[in-house]
Amino acid sequence: MDTSGHFHDSGVGDLDEDPKCPCPSSGDEQQQQQQPPPPSAPPAVPQQPPGPLLQPQPPQLQQQQQQQQQQQQQQQQQQQAPLHPLPQLAQLQSQLVHPGLLHSSPTAFRAPNSANSTAILHPSSRQGSQLNLNDHLLGHSPSSTATSGPGGGSRHRQASPLVHRRDSNPFTEIAMSSCKYSGGVMKPLSRLSASRRNLIEAEPEGQPLQLFSPSNPPEIIISSREDNHAHQTLLHHPNATHNHQHAGTTAGSTTFPKANKRKNQNIGYKLGHRRALFEKRKRLSDYALIFGMFGIVVMVIETELSWGLYSKDSMFSLALKCLISLSTIILLGLIIAYHTREVQLFVIDNGADDWRIAMTYERILYISLEMLVCAIHPIPGEYKFFWTARLAFSYTPSRAEADVDIILSIPMFLRLYLIARVMLLHSKLFTDASSRSIGALNKINFNTRFVMKTLMTICPGTVLLVFSISLWIIAAWTVRVCERYHDQQDVTSNFLGAMWLISITFLSIGYGDMVPHTYCGKGVCLLTGIMGAGCTALVVAVVARKLELTKAEKHVHNFMMDTQLTKRIKNAAANVLRETWLIYKHTKLLKKIDHAKVRKHQRKFLQAIHQLRGVKMEQRKLSDQANTLVDLSKMQNVMYDLITELNDRSEDLEKQIGSLESKLEHLTASFNSLPLLIADTLRQQQQQLLTAFVEARGISVAVGTSHAPPSDSPIGISSTSFPTPYTSSSSC
């Protein structure tokens, strides 16, 4: 990039600088790029930047210096001219040749060596430019590219004002511009989640490089920040621009944001949405229970008032029935909303894309049955039918005109199943994340049955009491309503009489003084008897559990019994020893033997032996009873501790053995190197000995040369001078 704000591709072998360019380069790089060709080269060949000269000849150096001086003079003349103002940019634009464009990232990359190739550069991709690009952008001048003459190879690039973006990171620009020389392809980063917490604006530097045809230059389209499905600058081909614009305003704004929003939800958003659905489902269940119980209470009030105070055709009855119908409609809406939340939770938990996957036949049947149960209620208006029954003791038929509300009112008690649902959703075991995690690891399904089991374990008496009293009251009122049209003596139609009938049926007593007349009352008594048998069994189990000793009480009891049995064993053993001594005394030590006393002590001796055996047997039984599951678990813990200690000791032993092995290996290596050391030591001693002999021999030769005979040894040492086992070593 030169001082005029133009960009020169220096350092690339296929791009050359044109000496006729109106925008000269500056510095040493321009001098190296614009060196003239050698004299032998023809003028039509494009100038190539010469490589580094190694040890040039003096004439060549002089020629290069002259050429450089001429180039510097030309550059100074060109630099004295003003820079390209905005009017001149418009003139330069008319002289441009429209070439094939390369759709690139904001960083420049290597362009091919052709006269019709340019590249669009982002204004922030070259930060070292001296041209005021901001003024260029404010002037709204179109992007222009300048090419040299037919013989030139340089490409002067100007920034395009069509792209508007924030200032880029210089370190990012350096890393991206290195791809021009290293051949790397700039790929976009992976799209992050589109949730509200981690929405980030995508950078246009991450767009991949795409090559377009010379006849169809790219068109730059800038997306707004309000676009939910783009978030980044898109470069479209002009042939497909109209299709993208037309489709983006219609289908893109409706379908694409929803799909991307669903796909780009991260785990945190899903967990938060799941927790919100849990809370909404719990509130819907609470509201459904409230409206269901409200309808039951209003139904009971309307039934009792229409029997004694006013008739079914009165305004009070109509108002109460309308209130029941309104509560029923609200209840049905709440149930639909509840199951909608259930389906949404299923979709989130299983990662499904379509909610229809959750709508199995079983779920549809369950929802339909629940809607049918909750939809039953007395219809506003007066509707009657003839009810025929046979009396219990006289067996005479009885015919009466009854209200249809009896058939529609009694099934409303089936709405009480909502209590179990509310108990499940409000249970600590169901709402606590830790308990649910532990249950999932142990393959436990948290449902209503599990919650009822835990309640029966924690407070069995309270659960049975509440269940029995509720069943007693509901069954008594149902029998009273069923029997009121055929009870001429007012026995079972009385509420207290009905409670007595239900109580004796519940306890499976059945005195027979009161019996139902209608099939409705008989059916209620049958269900009451079945539920009473189950409740009685549960009561017996609860009482037996309450009478059972706890673990601490069992341990204390076993300890006390063991202590008493130990004392009895000691007493029985002492009695055996005492009777043995007395028998020995009366038979051996006394002069006159008293046979009566001997038989008496023998009898006591046998009794003491049997007593000792019996106490030992009781002690064995107590020890067997003490070996319960708790003791076995304790023994298991003790054995586990012992095994752990043994493992620790074995690990220590292995470490010691390993250290011994390493030491043995070291000793083995030392022993293996010992012969070499001994050989080296002996060799050194032999050399020292030979040196001493040579020195001694030299001294003796110097003293008596004429007296010593000539030596045949190659080193001039006589064999007699070496010590032998049979000679003296005084010469040493």
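Think of each number as a place in line: the chain as shown, counted from 1.
In case you wondered, yes, glycine gets a Cβ from its N, Cα and C as well.
The annotation coiled coil is assigned in Swiss-Prot to 643-670. Marked as compositional bias 'Pro residues' by Swiss-Prot: 35-59. Under the heading compositional bias 'Low complexity', Swiss-Prot lists 60-82, 139-148, 718-732. What Swiss-Prot lists as compositional bias 'Polar residues' is 113-133, 241-257. Per Swiss-Prot, region 'Disordered' is recorded for 1-82, 103-162, 241-260, 704-732. If you look up Swiss-Prot, you'll see 562-638 marked as region 'Calmodulin-binding', on the strength of similarity to another entry. Per Swiss-Prot, the feature transmembrane segment maps to 289-309, 316-336, 367-387, 406-426, 455-475, 524-544; the stated evidence is sequence analysis.
Looking just at the region 'Calmodulin-binding' (562-638), the mean pLDDT is 88. The largest share of C-beta pairs under 8 angstroms with the transmembrane segment (367-387) comes from 406-426, of the ranges 406-426, 455-475, 524-544. Taken residue by residue, the region 'Calmodulin-binding' (562-638) breaks down under DSSP into 70 helix, 0 strand, 7 coil.
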